[in-house]
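Here's what Swiss-Prot has on this protein:
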ACT_SITE  H88  active site, proton donor
BINDING   W22, S56, Y57, E58, A80, V81, I82, L113  5-amino-6-(D-ribitylamino)uracil binding site
BINDING   A85, T86, R127  (2S)-2-hydroxy-3-oxobutyl phosphate binding site
Amino acid sequence: MNVIEGNLIGTGLRVAIVIARWNDFIGGNLLEGAVNTLKRHGVNDDDISVAWCPGSYEIPLVVKKIAERGQHDAIITLGAVIRGATSHYEVVVNAVSSGVTKVMHDTGIPVLLGVLTTDTIEQAIERAGTKAGNKGSECAVAAIEMANLLKQL
């Protein structure tokens, strides 16, 4: 049996992070978790690029532009979309998830979805480094593993 899997060694990998400025009090914690995890796994600080955009809705376009340049092994998306009283939540969540998935499939570059989609601010805070771990850190680990896996295929 031939088993192909990625490892968690980040040395030599180039990773882009696209983060929404909206709800940045949550996004900042996600970013800190992602960057710290990338560095702990050997990604050089100079090989981490961070692009800020106004909100989560704009993330797919920024991801597309970064992916088209072909300079990164993986892209991490970070942000927080919190449900409100209107249907805006569904519009943004669907646009982000389908947009980044399309870029990933079209380019072959792994795009990790670290945009929190929660019903409350409390849930978002929990997933940004308190009770429920840090989704930014989790995405960083997955980005390293996917980049290394794809290098073997």
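In case you wondered, yes, glycine gets a Cβ from its N, Cα and C as well.
Shown here: features listed in Swiss-Prot, placed on the structure.
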{"residue": "W22", "record": "5-amino-6-(D-ribitylamino)uracil binding site", "Cβ contacts under 8 Å, 6 or more apart": "P54, G55, S56, G79, A80"}
{"residue": "Y57", "record": "5-amino-6-(D-ribitylamino)uracil binding site", "Cβ contacts under 8 Å, 6 or more apart": "V91, V92, A95, V96"}
{"residue": "E58", "record": "5-amino-6-(D-ribitylamino)uracil binding site", "Cβ contacts under 8 Å, 6 or more apart": "A20"}
{"residue": "V81", "record": "5-amino-6-(D-ribitylamino)uracil binding site", "Cβ contacts under 8 Å, 6 or more apart": "N23, S56, Y89, V92, V93, V96, V115, L116, T117, T118"}
{"residue": "A85", "record": "(2S)-2-hydroxy-3-oxobutyl phosphate binding site", "Cβ contacts under 8 Å, 6 or more apart": "none"}
{"residue": "T86", "record": "(2S)-2-hydroxy-3-oxobutyl phosphate binding site", "Cβ contacts under 8 Å, 6 or more apart": "none"}
{"residue": "H88", "record": "active site, proton donor", "Cβ contacts under 8 Å, 6 or more apart": "none"}
{"residue": "L113", "record": "5-amino-6-(D-ribitylamino)uracil binding site", "Cβ contacts under 8 Å, 6 or more apart": "T77, V96, S97, V100, T101, C139"}
{"residue": "R127", "record": "(2S)-2-hydroxy-3-oxobutyl phosphate binding site", "Cβ contacts under 8 Å, 6 or more apart": "L116, T118, G133, N134, K135"}
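Compared over the binding-site residues A80, I82, the count of CB atoms lying within 10 A of a residue's CB peaks at A80. Here (2S)-2-hydroxy-3-oxobutyl phosphate is bound by A85, T86, R127 per the record. The longest Cα to Cα distance in that group is 23 Å. Once the Cα atoms of W22, S56, Y57, E58, A80, V81, I82, L113, the listed binders of 5-amino-6-(D-ribitylamino)uracil, are compared pairwise, the greatest separation found is 16 Å. DSSP assigns I82 (5-amino-6-(D-ribitylamino)uracil binding site) to a strand. Over all protein chains present, the Cβ of S56 (5-amino-6-(D-ribitylamino)uracil binding site) has 27 other Cβ atoms lying within 10 Å.
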